[in-house]
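> Per TrEMBL, the features are:
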- A:65-176: domain '3-dehydroquinate synthase N-terminal' (DOMAIN)
- A:68-73, A:102-106, A:126-127, A:139, A:148: NAD(+) binding site (BINDING)
- A:178-320: domain '3-dehydroquinate synthase C-terminal' (DOMAIN)
- A:181, A:244, A:261: Zn(2+) binding site (BINDING)
């Protein structure tokens, strides 16, 4: 059973990746905290998994629901959940359980950070994206109209329990979208993972348990390693944003509705790869290999937005400190570099190349 | 110029209590942080003090407004301010300045905790209550319908600048209400402050600068000392809640509209004193002396609520861990004790005694 320990200046906890974790949840939680458990989940997830979750509890935990979708990742949801916690008698010793995908994890982690100025919580990610990325590292938060994740907190869980049984039931498009974050992990820091994903694409995309567990474990290891070295994103951790600056712009341009997060990251990674190539940080062959792998785990849904619009939207991204445009660019397969002087024309050209590829690949305008 | 240094496991900063701090604000901020300043204040405060504040700035800082009053201490205000920050281009290096009373300080400190997952801020408290209590110690947050301060964060400022010039312009009822927190500081930890407030009541209540500076400084010292020893309120810091459990219940029963916070604390302190007396933790003479001082700095506004209602409202208070009723009770002048086994009938009796005193003193039902 792969267990990855993550230690930062503010927290130390285990990420467990295994089959059967849901069925043994109550004794696992009991080892972590004694407080009364409150599960935050979506009606869909709960409908699928409540029997397995409840099986190990003597007394059923209180369940709070957050509707699915990025549109609900807002302070109003946090307020509503906090109000429900207070009404149900949750106190400082209570334990929150984030049982769902990235939105559930981000909202619940933030709720745990601010309810009564902080109560403990556990992450049980139920999408591939959440298992390999968003549940790890303590970044929590919600969106503003002005942009994604603009309010939030660094708040680590007591543990992350990634039950791989869940992956077998994922819709194919969610699986593919989540795998874009694993490809990102390979590009930025793990050439072996990148190669494994090249060589085992069929098995992974078919949902083969062994192959997926390998990919999840390797991806988590990359993220945990980066976060352990730079918890608060003062330097190294920025590399996890590979593909995310343009990715966030795409999500904003499409009102967070049209694409899955992983798909937007896939497109953003392609733009970043073009930028790396135009700066001659990578070779044409390396660029081809990266883009081929991203598309192999596609198709990425197309969208309508001009390059000018996307570039304009990046200036509101919080990764840009004091007006400079910082980008994470590949310098090979498995290494990246933080480039702080990217100009608007350069970015525009790379974004145009990405859009051209989209038009060529899909026949959409 | 009294400067009190506060050092906790997570922060170290100075609280400066002096005349003329507003007029020299820009160079003071510049020593603390280089980022672009954003002031959060109320239209009233800004109307009174903007000339003094702006005098020392070469480039005027951006000003965001929060309407006055406890009703605006909500997540919706935080969201609106965060949205304004994002639109105005505030980034991770920007500096927030909380310029106002307790509500402004609590909301701005919380906004600083969560905007882009945390940016620095400075407290410039403009009420006596904020100078002696709420600006010190890093507790920030907002109210839910279910109760006061139920969401928030521990988030210390880079500095607290308490300009005593401001105190001379305070409405008398604000001054009196704020002084209830100083009386509390005396009761829980500083018999000299308690005695000073007994002996110099006339000068203090007339707004004498020297007497008020003495009281503010001594009160801040009590709070800073307690917070330094127990930042996260795992033990000692609970003594700062003296008078606050019933005080919060009174505020909730009157929808946070009828009484100033200090007045509610004054009534709550009277109830706690009755509880201490009924447990024989203090003598009748000590109880009389405490209640006399609280009333000397009155009158405390009367309110309508039954003891049963107030007791019921305390069970939702976050100070009650896992169902037990914890109270801070006096054991003398300058010493208190945390009592964890207070029963409902006891609490009901003490609350009745407080209400009887209110009826006797004011002729109100």
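Cβ from N, Cα, C; glycine included.
Where in this structure would I find these features, and how exposed are they?
In this structure, residue A:104 (NAD(+) binding site) is part of a helix by DSSP. All chains included, 30 other C-beta atoms sit within 10 angstroms of the C-beta of residue A:104 (NAD(+) binding site).
The Cβ of residue A:261 (Zn(2+) binding site) lies under 8 Å from the Cβ of A:70, A:102, A:129, A:177, A:247, A:251, each of these being in the same chain and 6 or more residues away along the sequence.
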> Within the domain '3-dehydroquinate synthase C-terminal' (A:178-320), what mean pLDDT does the predicted structure show?
92
> How far is it from residue A:181 (Zn(2+) binding site) to residue A:127 (NAD(+) binding site), counting Cα to Cα, in Å?
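It is 12 Å, counting Cα to Cα.
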> So which other residues, same chain and not among A:181, A:244, A:261, have a Cβ within 8 Å of the centroid of the Cβ atoms at the Zn(2+) site?
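Same chain, not in A:181, A:244, A:261, Cβ within 8 Å: A:129, A:133, A:134, A:180, A:184, A:243, A:247, A:262, A:264, A:265, A:268.
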> Least buried of the binding-site residues A:72, A:148, A:244, going by other Cβ atoms within 10 Å?
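Selected from the binding-site residues A:72, A:148, A:244 on minimum Cβ neighbours within 10 Å: A:72.
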> In the domain '3-dehydroquinate synthase N-terminal' (A:65-176), how many residues does DSSP assign to helix, to strand and to coil?
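Tallied per class, the domain '3-dehydroquinate synthase N-terminal' (A:65-176) gives 47 helix, 32 strand, 33 coil.
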> Inside 10 Å of the Cβ of residue A:127 (NAD(+) binding site), count up the other Cβ atoms and send me the figure.
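Other Cβ atoms found within 10 Å: 28.
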